[in-house]
Amino acid sequence: MEVKIAKTAGFCWGVRRTVDKVMEVADHASGPVVTLGPIIHNPQAVARFREKGVGTVDAVGEVGDGTTVVVRTHGAVKEELDRAEGRGLEVVDGTCPYVKYPQAIAQRLSAEGYHVVIVGDANHAEIKGVISYSEGPCTVVKPGGPIPEIPAKKVAVIAQTTCIGADFEAVVGALALRHKEVRAVNTICNDTEERQADARSLAREVDAVVVVGGKNSANTRHLAEICREIQPRTWHVETEAELRPEWFTGCQVVGLSAGASTPDWVVEGVAGWLRGLHRPGTP
C-alpha cells in the first residue's frame with residue numbers, strides 16, 4: 001500500500017517546545033513535577049510523561065509544597081496561576097505563544113470596552129484560559145452553532161487557535177449585521193492554517209485518509225472533518241491498533257495526516273501498518 005504522509009503531520013512547533021520543557025524539568029527537578037491538566041491532548045504522549053514521573057493535576061490545590069508545576073500547551077486559567085505563585089510554587093510556563101496571543105487580545109480589547117466573542121469550544125482548556133484574562137463579559141460561540149443576542153454595541157471576535165477559518169469568518173459576518181462596531185482579530189495559529197490546507201490537498205489526491213491523534217484533540221478532529229468533506233473514506237484513529245483492513249478495500253494510495261499533538265512514533269506506527277497492508281489481487 002502506498003502511503004502519502006502530509007508534510008505537516010505530527011508535533012507542531014509549540015507542542016514540541018512544551019514537550020521539551022517538560023522533559024528538561026523532569027530530568028533536573030529536585031522535587032515532584034506535575035502538569036496543570038494534560039500537557040497535550042494525546043494519551044500516548046501523556047503516558048510517556050507518566051513513565052518519566054510527571055504527574056497530572058486539575059488544580060493547584062492538589063499539589064504539595066515543593067512541587068514544580070508545568071503549564072500545559074493550551075495555557076491555564078489565570079486564577080490558578082495566581083494561586084501557584086501565591087504559594088511560592090515553581091511554575092514553568094509551557095503555554096504555546098500562539099495561545100498567549102488570544103489571551104492578550106481578550107484582555108486588551110475587553111479593557112477597551114468590547115464584549116469579547118470567542119469562536120470555539122467553551123469546554124476546551126484554551127478557551128477557559130482566554131476567558132479568565134478578559135476584564136469584561138465573554139460569549140463563546142460554537143462553530144456551526146447559534147449566535148446568541150449580545151447586548152453590546154462594540155463586539156470583538158477572536159478564535160480558538162485550532163478553529164477552522166470558515167467557521168470564524170461565518171461568525172464575524174453574522175455579527176457584522178447586528179452590531180455597529182465589530183472588531184475581528186484572527187487568532188488562528190499559522191500552523192493550524194497550514195495543516196488544514198495540507199489536509200485538503202492530501203484528501204484530493206488519495207483513495208482514503210487516516211488522521212492520527214487523540215480523540216480529545218480539537219485540531220485533530222478538525223483535520224478529520226476537513227478531509228471527510230473531500231474524501232468520505234476518512235478515519236480518525238489514535239494508534240494503528242484501531243485500523244481495519246476492510247477500510248482500505250480497493251485503495252491504491254492512502255493519505256496520512258496527524259494532529260499537532262501527535263508524536264512522531266505514533267505516526268510512524270500507523271504508516272508502517274498501512275505500508276504492510278496486503279491489497280487483494282496483488283502479489
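Any Cβ shown, glycine's included, is placed from N, Cα and C.
Per Swiss-Prot, the candidate among His115, His124 that belongs to the isopentenyl diphosphate site alongside His41, His74, Ser217, Asn219, Ser261 is His124. In this structure, the CA atom of Cys189 ([4Fe-4S] cluster binding site) is 11 Å away from the CA atom of Asn219 (isopentenyl diphosphate binding site).
Within 10 Å of Glu126 (active site, proton donor), judged by CA to CA distance, lie the following binding-site residues from the set Cys12, His41, Thr161, Asn219, Ser261: Thr161. Checked against His74 (isopentenyl diphosphate binding site) by C-alpha proximity, the binding-site residues Cys12, Cys96, Thr161 yield Cys96 as the nearest. Within 8 Å of the Cβ centroid of the dimethylallyl diphosphate site, not counting the listed residues His41, His74, His124, Ser217, Asn219, Ser261, the chain contributes Ile40, Thr73, Glu126, Thr162, Gly214, Asn216, Ala218, Thr220, Gly259, Ala260.
Shown are the binding-site residues Thr161, Ser217, Asn219, Ser261; the one with the most C-beta atoms within 10 angstroms of its own C-beta is Ser261.
Counting every protein chain shown, 25 other Cβ atoms lie within 10 Å of the Cβ of Glu126 (active site, proton donor).
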